[in-house]
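Structure first, commentary second.
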Amino acid sequence: MSIRSKRKEEHLNLAQMFFNKSNFNSFDQLHLLRPALPEEKVDLGVLKTKMFSKSIAAPFFINAMTGGSKKSKTINQALAQIANKEQIALALGSASILTKESEQLDSFSIARNEDPDGILIANVNPETPATEVKKIITDLAVDALQIHLNTVQEIAMPEGDRDFYWLNNIKEIRQAVDLPIIIKEVGMGLDQNSIHLLKREGIDYFDVAGSGGTNFAKIENARNQHDVSYLENLGLPTVISALMAKKENVNFIVSGGIRNPLDILKALTLGGQYVGISNVFLQQFNLHGLIGLQQLIRAWKEDLAGLIAIYGKHDLASLTEIKKYYDFSLKNQIDQLI
Ligand code: FNR
């Protein structure tokens, strides 16, 4: 197995080892005012929306994780089948490995076979040459492209990147690619200034991927020879990062630490157009298989529709009108940062 495939399999194992779905995060510090008399009824139809001009059954999706190893192929196949059945979008894990190991192509391309009409999103690192990105997009037949920014993860990896001059290459990718481009973090959060710089370059969406869920400093610390656990707290909480994206007036996706349908509702009230979920779905698949994950996604749709009704709303667009209030410590961070 190549060093890159081995790393992917280690990430999958460690993401499972460190998974704790009851971890406290910034969504617990954000509260929504709920009317006792909502005058609404539960309707699954309220969840329907569009993404990249295709219809989807819900505004949440399976965010980037796998590809580039044997185990990832099995996972991507299952995730694409579920995305197809439940009509939700699926982002594939980083395909930058294909620039070095083209034999790994089928671990990604299997997704389009399983979900011929659904929304698939490719993912690359910010150093992938624009010509290679174009090839990846064609080979994977995707609807959009994610470029991930992951400095903390790189610095925590002994074999990681040490050159973070990424902007010029991102500009080149933007010029070469016609599809919508999403800039995302990987669980440490996008800050306002980076969003500001990138929105000027014509980036279409920002996926904040804030802290509170999967922590790549923790995962890399377990792979590192020396202790880098001090990097674990460098993340920007998802709620803060989402408020920064809102302030920049960009289209944004909320992800990082989504644990349940209430977190999804909160993410939508912050102004996120879509909500991404990674590890919670992966661990459901690990524990309960394809059927188990499909059942969870179906249950989350019903529960989210239920929540929208009890909060007195009947469409996704009006969720930002729900009154929000914050615990003091989060409010304090918001006041200092935004
Ligand atoms: C990831 N994530 C990720 N992100 C990315 O942009 N490219 C990638 O290849 C991967 N790979 C990956 C593997 C595994 C096993 C996990 C758990 C995660 C990060 C992911 O997309 C997301 O940003 C973070 O996991 C935060 O979301 P959750 O897990 O807290 O919902």
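Keep in mind that glycine also has a Cβ here, set from the backbone N, Cα and C atoms.
TrEMBL annotations:
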type    : residues                                                                                   : note
BINDING : ARG7, LYS8, GLN153                                                                         : substrate binding site
BINDING : ALA64, MET65, THR66, SER94, ASN123, LYS184, THR214, GLY257, ILE258, ARG259, SER278, ASN279 : FMN binding site
BINDING : GLU154                                                                                     : Mg(2+) binding site
DOMAIN  : 154-320                                                                                    : domain 'FMN-dependent dehydrogenase'
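Shown here: features listed in TrEMBL, placed on the structure.
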residue	record	Cβ within 10 Å
ARG7	substrate binding site	18
LYS8	substrate binding site	24
ALA64	FMN binding site	24
THR66	FMN binding site	25
ASN123	FMN binding site	27
GLN153	substrate binding site	22
GLU154	Mg(2+) binding site	18
THR214	FMN binding site	25
ILE258	FMN binding site	27
SER278	FMN binding site	24
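Filtering ARG7, LYS8, GLN153, GLU154 by Cβ distance to ligand 1 (under 6 A) retains none of these binding-site residues. In the three-state DSSP assignment, the secondary structure recorded for THR66 (FMN binding site) is coil. DSSP classifies THR214 (FMN binding site) as coil under the three-state reduction. Across the annotated binding residues for substrate (ARG7, LYS8, GLN153), the two most widely spaced Cα atoms sit 13 Å apart.
Largest Cα-Cα distance over the residues recorded as binding FMN, namely ALA64, MET65, THR66, SER94, ASN123, LYS184, THR214, GLY257, ILE258, ARG259, SER278, ASN279, equals 23 Å.
Looking only at the binding-site residues THR66, THR214, ILE258, the one with its C-alpha closest to GLN153 (substrate binding site) is THR214.
Reported as a whole number, the C-alpha separation between SER278 (FMN binding site) and GLU154 (Mg(2+) binding site) equals 19 Å.
Checked against ASN123 (FMN binding site), the binding-site residues ARG7, LYS8, GLU154 differ in C-alpha distance, with LYS8 being the nearest. When pLDDT values are averaged over the domain 'FMN-dependent dehydrogenase' (154-320), the model yields 97. Sitting within 8 Å of the Cβ centre of ARG7, LYS8, GLN153, and not among those site residues for substrate, are the Cβ atoms of ARG4, GLU10, HIS11, MET157.
Considering only the binding-site residues ALA64, THR66, GLU154, THR214, ILE258, the residue whose Cα is spatially closest to the Cα of LYS8 (substrate binding site) is THR66. Here the C-alpha separation of THR66 (FMN binding site) and GLU154 (Mg(2+) binding site) works out to 18 Å.
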